[in-house]
Amino acid sequence: MLGFRAWKQNRAAARAAEPGEAPAPSAEPQPGAARAAGGGWTAPRLPGRANRSLLNTEELPATRGAVRVRTLLYLRWIGLCGQLLAVYITEVLLHLDTPLSACLLVIAASAVANLHLLRVRPSASWLGRRMATLHLAFDVTQVSALLYLTGGLHNPFAMIIMVPVTISATILPLRSTMALGAMAIGAVTLLAFFFRPLPWPDAFGLTLPRLYVGGVWVALVTTVLFVGGYAWRVAAEARSMANALTATKMALAREQRLSAVGGVAAAAAHELGSPLSTIAVVTKELLRDVPLDSPLRDDIELLQSEAARCREILAGLTDAPERKSESPLDLTPVSVLLTELAEAAETLATEVEVIVNPDCEGDEPTLPRTPELVHGLTNFIHNATQFAQSRVEVSVFWDADDLAILVEDDGPGFPATVLDRLGEPYISTREGESGHMGLGVFIATTLLSHTGATVEFGNGDKIDPDADGLSGARVLIAWERARLTGDLAWGGKTWGVPIVPVSPRETAAE
């Protein structure tokens, strides 16, 4: 029912395939078992459809496209030392007749540029994208001039021209890297035809064929394209992952601050409860003693109503599901927790129903109200309400081995192009919309993984063709009872809260 049958079959098959191996807890999200041929759950890496409104992405550090002046200076000084060493070896040790003055002049130009940069900018400051691109373009020009004086592509050090392009790929946007790459390829092409030949000794009698020079040109162009593209891609993914993890930490910190504020509110409500009760008793006594026609009666009734309103406000603070205590002993039956989160996410246009699967086995598990759990579940439920046409179902199933929560909606479902890339930050079905960066599900999945959960994504028409349920997007969140963070959440305890295996809404209706 509702996709749990096929999921349990996959769980059983996975356990049978690896007998005796108990999975170790991991801080990284572990994808669930993929369905066999015929479709079903797509094993995710992290997120897909995202609720970016839960994250203030403006707080993320904007470090892309900047380079520290000190780093650029160090790289240039190292390059200058290498160039001087090569000229020294050529002139002094190999006794080759090179245009020494011209080579030293080109090397001096780079040194002057370094000294000028050090004079006008503090070494700890940062260069913007445009200035960094211009400085690297100067480096390409300087290296090209030096290669022109020393044999062009006949020089075995011709590959040094790809260094500025590689540096650009790791710190600058793709547009700047492409411009520098095109500049380097153009310089390599010119050096294949225009250069000062190397002064080989007559004893060597060395003349490189044009075919060999053409091969060197092809090798350099290929290297510039491949190494530049590879370095840019790796650096971009590293930056995206770093920003996404930073966003995760920020979201968790906000949840922890909310929990701390909630604890203070609960303490204040407890402390104020006694004086408000005293006020209520006194006003009740005064109303009984004051005549009906007394001018003071209206004031006493106002005082009584305001005291009652204060007690309602304080009760609301202590009852908010996301402001519960973080104590491991503050355990809540899973259906009760889901009902509270569902009611908070329900809108006028979308109904959210919590369903307890009738095939559940054993007593209902209880969960601690940790910020990771509350934020992760809230995110998936809220996302479903945003994409649903009119209905969202949150189903829960448990037995002796597992606990599973299925969030499904009657919306359009996940696009096939997104399903293939679920697990990567910045992947969203709402590209181009303001304020959406595709990090909401990444954050939710990462937070839930800290509790030992696995998250699987799919669509209703692919999970179990014979099952009931909605046809839109489906997200399955599952725990192995032995791995769930917090041993106190298990053992069949309901901590005094009666639970029956039916829908909480049906119970309320009865």
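Placed from the backbone N, Cα and C atoms, the Cβ positions cover glycine too.
Now, the feature entries from TrEMBL:
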COMPBIAS  11-36  compositional bias 'Low complexity'
DOMAIN    267-457  domain 'Histidine kinase'
REGION    1-45  region 'Disordered'
TRANSMEM  73-93  transmembrane segment
TRANSMEM  99-120  transmembrane segment
TRANSMEM  181-199  transmembrane segment
TRANSMEM  211-232  transmembrane segment
| message | Should anything in the same chain at least six residues away from the transmembrane segment (99-120) have a Cβ under 8 Å from its Cβ atoms, list it; otherwise answer none. | response | 69, 72-73, 76-77, 79-80, 83-84, 87, 91, 135, 138-139, 142, 145-146, 149-150, 196
| Intrachain residues whose Cβ lies under 8 Å of the transmembrane segment (181-199), provided they are six or more past its termini | 96-99, 137, 140-141, 144, 147-155, 158, 161-162, 164-165, 168, 213-214, 216-217, 220-221, 224-225, 228
| task | Summarise the model confidence on the domain 'Histidine kinase' (267-457) as a single mean pLDDT, whole number. | result | 79
